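A.B. asks: Dropping the structure in here first, questions after.
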Amino acid sequence: MKKRILLLGQLLVLATSPSMVFAENKSIGPVNSKDTIYQIITDRFVDGDKTNNVLSDKNKHLFDGQGKDLKKFQGGDWKGIINKIDYLKGMGITAVWISAPYENRDDEIKDFKENGGYDSWTSFHGYHVRNYYATNKHFGTLNEFKELRDKLHENNIKLVIDFVTNHTSRGHNPTKNNENEDGKLYEPDKLPNGTYAIDNDGNPYDYNKDGKLENLIADPNNDKDGWFHHFGDRGNDESKWAYRNKELGSLSDFSQENSQVVNYLEKAVNYWTTFGIDGLRHDATLHMSPSFVKGLKDSISSNVTISHFGEFFISRPSLKYDEFVNFPKQTGVNNLDFEMFRSLTSTFGDFSKPMSDFGNMLDYTEKNYEYPNQAVTFIDNHDVTRFGKYQPNEKAFNAGLAALLTSRGIPNIYYGTEQHVKVNENSDIAGRIFMEKECKFDTNSKQYQLINKISSLRQSNDAIAFGKTTIVKSDENTIIYERKFFDDVVLVAINRQPDKTYTINNIITTLPDDTYHDHLNGLLNGEKLEVKEGKIDSLTLKGGEVGIWTFKKQNNSDAHIGDVVSTMGKAGEKIYIYGQAFDGSVQVKFGDKVAKVISKTSNIIETVVPDDVAPGVNNITIEKNGKTSNSFSYHVLTDDQNQIVFKIKAETRPGEQIYLVGNVAELGNWDVKKCTESLLNPNHPEWYLPVSVPKGKEIEFKFIKKDGNGNITWEDKIPNRKVKSSVESAGVIDTPLYVWNK
């Protein structure tokens, strides 16, 4: 049985108003490396409907609308985004990431000061969930959400929604002696058949006639069923356990080892996927157990194939870099690329590092990341300082933006970056401007034009979307790199210094011999280039100059795989393969197993994971005209995923960690190189780890010790341990507390 979420009480067939006709609730395809994303904080973009700005008289003081008090609501909504779709399309945007669409806490949040006053905040950002099954009324109704989806899809723009499964709102106030505050979770009334009471406009109604539109499901301050962790705020605790179990900013932290919680969160996310979204941005993935995230993604992929990326927030350098790199391998959820962001800000922003550092970062991340072209890259976003604060000079700003857009990964443009937004403060909140008041929607700005030109190149030349990166030259202030996908080539040269000219000699390139014109048509002062015998004798880069020169092979007949979405799933699930020359007769294989092709074009294949494929990593290939394409790795799961919390009491020497290995692919198939991550150890000598495993299966396993040099010690005095996982798709089993070798 596949993990089909029946959404009992969630999957709604809504009657629509007579005047509104919506398209089918269907995705137009997942976001992939051919796309350019535009991120919008919904409240901070455009106010398209004044009637949803103030929802009650008692909260009138929480609305600003002028972009002056950025702690308060400003009025942006889904109608406002609809009104600017032509603006987005003209920029070359192919996907829009919006704030979480569901209802949030809507009262005043007070941060008290030592002088007796307080700062007044709101949940304008969408990260304080209150009810997953009602829309955020400041943004619009469910029908208006559907209208936004349809208008975007009509313009071939995909829709990504933010989603929070780590926490609710603040359960206690750290500025007022940790006094109880909120954190409560609600849901609508239910009808006798188990579906929610939702009206024609997608709004909950009072079916029970009790005077309330909703019912309390969980309360962190009266937590009868253990829905929340109660370990306090993380503070300065840098342990892996603390990040996953303690509170982020006093926000009530879900206990994702509780099967009730897992079941509820999986159904809540799947409810929103039924409305034809194309991707999910998972909030706070650093703070969640990979086993829960893997199961959550698995439950979604059982129903629909969309893109997944998440916020695994790290610094640079970071002790958590290895965790960051491994998270997509563990879960199937890609990362927002904080490693690239940190390098961009230090090389193109404050110039604290040489340009060679950016080149070095591109080199080692391409080796470290399993799917480097699927990392979602950015130069700024809502969690960090605006790039315009780091770099107010427009030439250097444009050079950094060009580097983002031409590098590996899926570029994400933070709303306003296309207008070179500059702020006065070094903070994330200062960057959350109200765009309609802060700047013009100028389609002639250099940044807007730059995004348009490179987005179109990403669509037309596969070297940008799928290619590997070679650093040709890099030094203190200049960099030249090449993106190459088989015969398609893009060469990029950048000078970050706005007022200095540099000449670079003897440049080796795989561009065929010819004369090339700058793809940007001189927008950033790039000029024509001559290649002779695979070499450019000399290239002069004026201050702030960026040149892009391209070659695309015509009439390619050999099939090449560039990208696959998703990269983890089970037999029977649909995946998308992107690449070249898929026309004619082709055969898709997972290892040696033939996959059914649902549909295809010359550059996209929709196929299904074969039923008889072996769990574990399989190489996808395409056979055409007697030739086999390049391969692309795919993680096949044994079955629906749920969790077992493994526990053991074990003494260890300094530097030793406990791991788990077993007889299923999810536990490495007894290969210690593919074992789980290290177990958590908040109370030595007791260790534990929630692990994602196939449901309803008897699993054989052992604990192992591994030291800092990789030396392995097995449990060698006992036979294989055995445990059976829950038969429920969202089930969680706790093992006894085992004792090492007993």
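Every residue gets a Cβ built from N, Cα and C, even glycine.
Annotations per TrEMBL:
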COMPBIAS  168-177  compositional bias 'Polar residues'
COMPBIAS  178-188  compositional bias 'Basic and acidic residues'
DOMAIN    636-742  domain 'CBM20'
REGION    168-188  region 'Disordered'
SIGNAL    1-23  signal peptide
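Surface or core, plus neighbours and distances: that's what I need for these features.
C.D. replies: Look at the compositional bias 'Polar residues' (168-177): DSSP puts its residues at 0 helix, 5 strand, 5 coil.
Among residues of the same chain six or more beyond the region 'Disordered' (168-188), those with a C-beta under 8 A of the stretch's C-beta atoms are 104-105, 107, 109-113, 118, 123, 128-134, 196-198, 204-205, 207, 213-221, 227-228, 233, 247, 249-252, 254.
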A.B. asks: Can you break down the compositional bias 'Basic and acidic residues' (178-188) into helix, strand and coil residue counts using DSSP?
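C.D. replies: Across the compositional bias 'Basic and acidic residues' (178-188), DSSP assigns the residues as follows: 0 helix, 5 strand, 6 coil.
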